[in-house]
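Taken from Swiss-Prot as is:
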type     : residues                : note
BINDING  : 38-45, 155-158, 192-195 : ATP binding site
ACT_SITE : His45                   : active site, proton donor
BINDING  : Gln69                   : beta-alanine binding site
BINDING  : Gln69, Gln161           : (R)-pantoate binding site
Amino acid sequence: MNSTKENPVEIIRTRNELQARVRAWKQAGETVGFVPTMGALHEGHLSLIEKAQEKVTRTVASIFVNPAQFAPGEDFDTYPRREGEDIAKLASVNCDAVYLPTVAEMYPEGSVTNVRVESLSDLLDGIYRPHFFYGVATVVARLFLHAQPDVAVFGEKDYQQLQVIRRMVRDLGFPIEIIGGATRRDADGLAQSSRNLYLSPDERRAAGAIYSAMHRAASRMALGTLPSEALKEAEGYILTAGFRKIDYVTLVDPATLQALPADTPLEDGAAARLLAAAWIGKTRLIDNISVTR
């Protein structure tokens with residue numbers, strides 16, 4: 001809803017500043033959309049800002065590399081941090097403000113309260129990264145309290161995360177509408193991700209195979225092929241393309257994320273979600289697509 005303007009994005013670094021800004025907007029009759037990120041922004045992130053702008057009159061993005069969602073040995077220290085570039089990108093899509101809190105601002109000394117979304121956090125990525133969704137739910141709950149938005153937009157590329165946040169909002173009664181934004185892809189189908197920056201040229205050339213394999217599997221299952229057959233073929237294709245390890249390629253219920261039977265075809269009219277996680281070199285890529293028969 002924002003019109004083109006020349007004003008730069010407002011930089012906000014504390015909870016009090018952010019709440020004062022949002023309060024002033026709301027008192028003036030504005031509505032507020034929020035897009036939390038960890039920075040290293042790409043077109044996928046910017047599309048989430050633009051989706052929020054379809055619903056609200058003001059948009060806020062946050063950039064915070066959340067230590068609570070990284071386990072020892074993961075890439076917290078090496079995760080790309082590009083504050084200046086990110087702010088320029090947000091300004092290019094007329095984002096009104098960017099929230100850049102410190103760790104101390106998000107987790108004041110002595111904080112002991114965390115948010116755990118049972119069941120949804122323990123499947124799929126939760127098996128391989130058991131710390132991850134507890135860190136995500138906790139930081140997003142805190143960011144919601146800081147930003148107090150009317151609408152928040154999360155990418156469907158992180159589909160399990162989106163479902164965890166939706167459940168948390170429902171269970172805790174946050175008065176926030178959660179919207180999923182479509183996955184942005186490169187020309188070869190690879191889902192845009194900040195971690196794609198880790199890929200070597202050879203790895204990048206091979207990485208699109210994860211989407212190609214999923215797309216073929218989804219098409220076959222939509223025509224009645226057994227999931228077990230389609231998923232096995234997808235795994236083989238991914239490994240042959242140069243991925244070194246697969247964590248999972250699985251078909252799940254879109255809402256509960258519970259695995260669907262692999263030995264029976266999808267029923268006519270049934271909807272499912274195909275999710276995958278695999279390693280190429282030292283980089284773990286995830287992706288998902290919808291499947292409908």
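For all residues, glycine too, the Cβ spot is worked out from N, Cα and C.
Counting every protein chain shown, the number of other Cβ atoms lying within 10 Å of the Cβ of His45 (active site, proton donor) is 27.
Ranked by Cα separation from Gln161 ((R)-pantoate binding site), the binding-site residues Ala40, His42, Gln69, Gln192 are led by Gln69. For the binding-site residues Gly44, Gly155, the ranking by surrounding Cβ atoms (within 10 Å, all protein chains) places Gly155 first. Proximity of His42 (ATP binding site) to non-local residues of its own chain (separation of 6 or more, Cβ distance below 8 Å) is seen for Arg184, Gln192, Ser193, Ser194, Asn196, given in sequence order.
Its own atom aside, the Cβ of Ser194 (ATP binding site) has 18 Cβ atoms within 10 angstroms in the protein chains shown. On the backbone, the CA of Gly155 (ATP binding site) and the CA of His45 (active site, proton donor) stand 8 Å apart. The Cα atom of the residue listed as 'beta-alanine binding site' lies nearest to that of Met38, taking the binding-site residues Met38, Ala40, Gly44, Lys157 as the candidates.
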